[in-house]
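One structure below.
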Amino acid sequence: MSNLNTQIKQRSRWFLDSYSRTTMSSAADTPPPSPEYLAETRGPAIRTVTWVSVFVPVLLVSLRIYTRLFVRKVFGLDDWVITLSLLSLIAYGVIIELAVQKGLGRHIEWVFTYVPENAVPIALLGQVSQPLVVMSCAFGKISFSISLMRLAVQPFIHRFLWFIVISMLTLHILISIIIFVRCKDPRTTWNPAIVSECWAPHVYLGVMYFIGAYSAATDFILALLPWAMLWNLNMKSREKFGVAIAMSLGVFAGSIAIIKCTKLKANATSLDPTFDVGELLLTAGAENALILIAACLPTLRPILRKVFPSTAKSSENSYPLKNLPNNIIFVPKHKAGQWSALVETEAHPERHFDNQSDRSILNEHRVAMNNGQESTKTAGPSSPRITKTREVIISYDRSESRQT
């Protein structure tokens, strides 16, 4: 144990010597830092924001898991993925807490003056925390994308969401690896005393900028997409806007991601890394928290109905849908050569579908055909079922007397 402590102190001293040679040689005549400067710290702010960014998602994800397991009796792929995101975020919070206790958030001069043996451990903890927060961000967006797939009707939206899932997973795994392999000897990334060949700074920053910008763009896309998907659903306007707004918190996550990108260069070239990294850590935790909040809030509607009965009353006619065989009615269109096929699908309440927490936003309705016109009426309480009607235009060529 004593040998290990000796090695840590030696590496920390090498770190100090390296720092002194590269950043302080030109400032030999500069007076020593004042006590006020040395006392300045961002540690409490980093600790507070980090744990708030962990605690709120822990609460909401726990409620989501309870809702899915004990209320809806289902647990889908998106639930597994968001749980993985939460575990990564908790691990990130623990590592940041350890780093703050060792001096993260204080000026580098304070670290070298009072706890020089902590210089290398702080840098190492910072390196280890990065893949955790990066993958937590990726898993949160992937879970949200999978949830949106349940509401998507158009095939191209399904394909687009799968593209987001695959690209986000690939890029975030890539950056998690690059964090360590950008130097031939990975130890150089947390101990500058170990000399090794590394990527050019502008190359590394370019990769970080690209992935950061792409991540911010996906935040905005995933925040705005629910509005287009929910717009045509048959549900009360108040509920429609409530669900859409809850799913659109990613707008704020995207804004924070942009701010985070603006801090990358300053952090990479900082001469006071233990202090300046605080701004980057604050934005990273907040972005992840907002992503998980946006992914969880829409799934908590069943619990909210129990807690707030007035909400349940406004949606008492809502049921998850289980499709039954279709009835098809052909009605001639006014335009020659076209018929309208009205596909009538009857549905009943079903509590074991994986997409209930999303599909239950549809209100119960029945569609009846009367002289080629659609009329909507609510099914009676004795027969809680839904008839869903889709209109399909069928064109045909009269000369060949066959449908096309």
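Yeah, the Cβs are placed from backbone N, Cα and C, and that goes for glycine too.
A TrEMBL annotation is a machine prediction, not a hand-curated record.
Per TrEMBL, the feature compositional bias 'Polar residues' maps to 370-386.
Sequence annotations record features per position, and here TrEMBL assigns domain 'Rhodopsin' to 63-306.
The region 'Disordered' annotation in TrEMBL covers 369-404.
Per TrEMBL, the feature transmembrane segment maps to 48-67 (among others).
The transmembrane segment annotation in TrEMBL covers 79-100 (among others).
With a cut-off of 8 Å between Cβ atoms, the residues of this chain six or more beyond the transmembrane segment (160-182) that come close are 127, 130-131, 134-135, 137-138, 141-142, 145-146, 148-149, 152, 189, 198-199, 204, 207-208, 211, 214-215, 218, 221-222. Under the heading transmembrane segment, TrEMBL lists 160-182 (among others).
Here TrEMBL flags 202-229 (among others) as transmembrane segment.
If you look at the transmembrane segment (241-260), the same-chain residues 6 or more away from its ends with a CB under 8 A from one of its CBs are 144, 212, 215-217, 219-220, 222-224, 226-227, 230, 280, 283-284, 286-287, 290-291, 293-294, 297-298, 301, 361. What TrEMBL records for 241-260 (among others) is transmembrane segment.
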Integer mean pLDDT for the domain 'Rhodopsin' (63-306): 89
Residue numbers, six or more beyond the limits of the transmembrane segment (202-229), whose CB comes under 8 Å of its CB atoms: 137, 141, 144-145, 148, 151-153, 157, 164, 167-168, 171-172, 174-175, 178, 182, 243-244, 247-251, 253-254, 257-258, 260-261, 264-265, 268, 287, 291, 294
Chain residues outside the transmembrane segment (48-67) and at least six past its termini with a C-beta under 8 angstroms from it: 75, 79, 82-83, 86, 89-90, 92-93, 96-97, 281-282, 285-286, 288-289, 292-293, 296-297, 299-300, 302-303, 357
